[in-house]
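Q: Please find one structure pasted underneath; my questions will follow.
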């Protein structure tokens, strides 16, 4: 029975085994099982973000365990909610996989969702979902949060004179991916699970974990908003590109300092720190007279630069130790 | 330029052309462009439902135009919100397509979303999304609604003595799909666009439209709740199976009457009416002393049966003119 495929078990049996593994959530007024769920929004507004993880483009089953995929879905989506200064409340998950997938794989995925929530965002509920079939795996997550009366922290609020802080680590996930591509593929560049598992237990384990099952500073978002954050975002496409987004939206120059950036990127190259992507750290600007604690939600908080007034002809640039930094990052339609 | 592919144009250019086509929405506090959107929830709760449409399993680009796909994504997701007795407010859309897809196709998809909203749910906004790449198209929609102070209408509230009503039509979408498979495929069973377009302009046009770009009674959900609906759902997997869901959840027998069912299924066989699926009509139980109007939100309202007390050993059955009806429907993992 534990080796039954979805095709053998059918949707009802799969759901019967999948749904009880999901956390109900403190804000859930009505959970899965009807046409729609109902979630409390005590603030009178809710924060919403959506993202898809696609087999091939975003994950490989030869490297990621199903538990990792559930974990990463929570870690990467709730951090977008946190980056608005909100407390995550709930999420919905749509999953499409080949009918030959084992029901046990779905259960591992559900345990990954539940374990990630317990570790990073206790009280969050999985309030709904959708199971379907696809030739290649599709994981679509939509996540919600409550602002608890706060104004949302946008990308556009940075002011000249603010300090630039980073909560989390830079370059680690990209370094992990580089190790996987270097040492966990066969001659045809296909993933090799045994090699990936060995890497994960070895000296590069932290970077492999950051790539496959990241721990993101979800609890820090609301704390940073309460500290007076003027702008904030989740660094997902590389620090250089994401800092440029804040600079452009705010009409400022972001002046990064290489010393601070290097400290925020232990074990990673400067290239990975600046352009690597998938960091899921929080980049945040805070008035200079506010000193955040050295750690928030278990993640280091490091000062990596300052916000400056732009020159007259300058529309949102980023510099590193005074030199212009290319806003080069990840474009899914141009990769490969 | 209009023929540029996503690979040639890149994500930023694609978004620059896609986003302005989307309606902003009356409840939108913060639209696309930041880590997350913010939506008003005046009721202090929000209704949420999610669904994926996958190329191959759920749609074929040889039959559906991109405008149809945007339209159907709105029509089939907002009806789930309506089936709770809520007024839809907003949705997020994640789209993954091959990099060879033209940007113009994305624009048609956006116009389909916008046109469907204007026709079926004016005031709803598209507040966020995600663009990615996949070998086969993926459309993941999550939709939201406001209960405006109402209790959600569940599947479990039907009482013996209620009348069973249907808002919309049965069997039409399944009939359309049958016509497409019969007359719009080549020898290899691959879709043929010209043949599909010809069918759509011909005598079977209404059923083809019901399959590819359905008009669903989204506005009727809140009106039915206000009339005193005790249970309600969106008929998506066939009347027999969905009626059984209400019967089981409510602990009642649903006694359907063939005359009423046939009237609700003009131009469709009884088999298609009972087991066809993708009707996206509202199945609703209402106390017998309430007579709903003959039309709601432009859709016919027809009495198709009554709710009866179950026999002692009976756990939620459905009958048709007194004979047990098989709860046979659609299971994505067992199809094909």
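Here the Cβ of each residue, glycine as well, is placed from N, Cα and C on the backbone.
Positions annotated as Mg(2+) 4 binding site by TrEMBL: B:35, B:49, B:80. Marked as Mg(2+) 3 binding site by TrEMBL: B:35, B:80, B:234. The Mg(2+) 1 binding site feature in TrEMBL is assigned to B:50, B:51, B:130. If you look up TrEMBL, you'll see B:51, B:80 marked as Mg(2+) 2 binding site. Annotated substrate binding site per TrEMBL: B:58, B:278, B:330, in sequence order. According to TrEMBL, the ATP binding site annotation covers B:129, B:130, B:155, B:236. Summarising the annotation, TrEMBL assigns Mg(2+) 5 binding site to B:237. The compositional bias 'Basic and acidic residues' annotation in TrEMBL covers B:325-336. The domain 'PurM-like N-terminal' annotation in TrEMBL covers B:33-145. Per TrEMBL, the feature domain 'PurM-like C-terminal' maps to B:160-291. Positions annotated as region 'Disordered' by TrEMBL: B:314-336.
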Q: If you count the other Cβ atoms within 10 Å of each Cβ, which of the binding-site residues B:35, B:80, B:130, B:237 comes out on top?
A: B:80
Q: Might you list, by sequence position, any residue in that chain lying six or more from residue B:129 (ATP binding site) with a Cβ less than 8 Å away from its Cβ?
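A: When sequence neighbours closer than 6 are ignored, residue B:129 (ATP binding site) has B:32, B:92, B:93, B:94, B:95 within Cβ distance under 8 Å.
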Q: Should any of the binding-site residues B:50, B:155, B:234, B:237 have a Cα within 10 Å of the Cα of residue B:80 (Mg(2+) 4 binding site), which are they?
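A: Of B:50, B:155, B:234, B:237, within range: B:50, B:234.
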Q: Where residue B:234 (Mg(2+) 3 binding site) and residue B:50 (Mg(2+) 1 binding site) are concerned, what is their Cα separation in Å, rounded?
A: 14
Q: Summarise the domain 'PurM-like C-terminal' (B:160-291) by DSSP state, stating how many residues are helix, strand and coil.
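A: Going by DSSP assignments, the domain 'PurM-like C-terminal' (B:160-291) contains 61 helix, 22 strand, 49 coil.
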Q: Using Cα coordinates, what distance in whole Å links residue B:130 (Mg(2+) 1 binding site) and residue B:155 (ATP binding site)?
A: 32
Q: Looking at the binding-site residues B:49, B:50, B:51, which ones sit with their CA no more than 10 Å from the CA of residue B:236 (ATP binding site)?
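A: Qualifying among B:49, B:50, B:51: none.
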Q: Are any of the binding-site residues B:35, B:50, B:155, B:234, B:237, B:278 near chain A, where near means a Cβ under 8 Å from a Cβ there, and if so which?
A: B:35, B:50, B:155, B:234
Q: Looking only at the domain 'PurM-like N-terminal' (B:33-145), what is the model's average confidence as pLDDT?
A: 96
Q: How many Å lie between the Cα of residue B:278 (substrate binding site) and the Cα of residue B:51 (Mg(2+) 1 binding site)?
A: 13
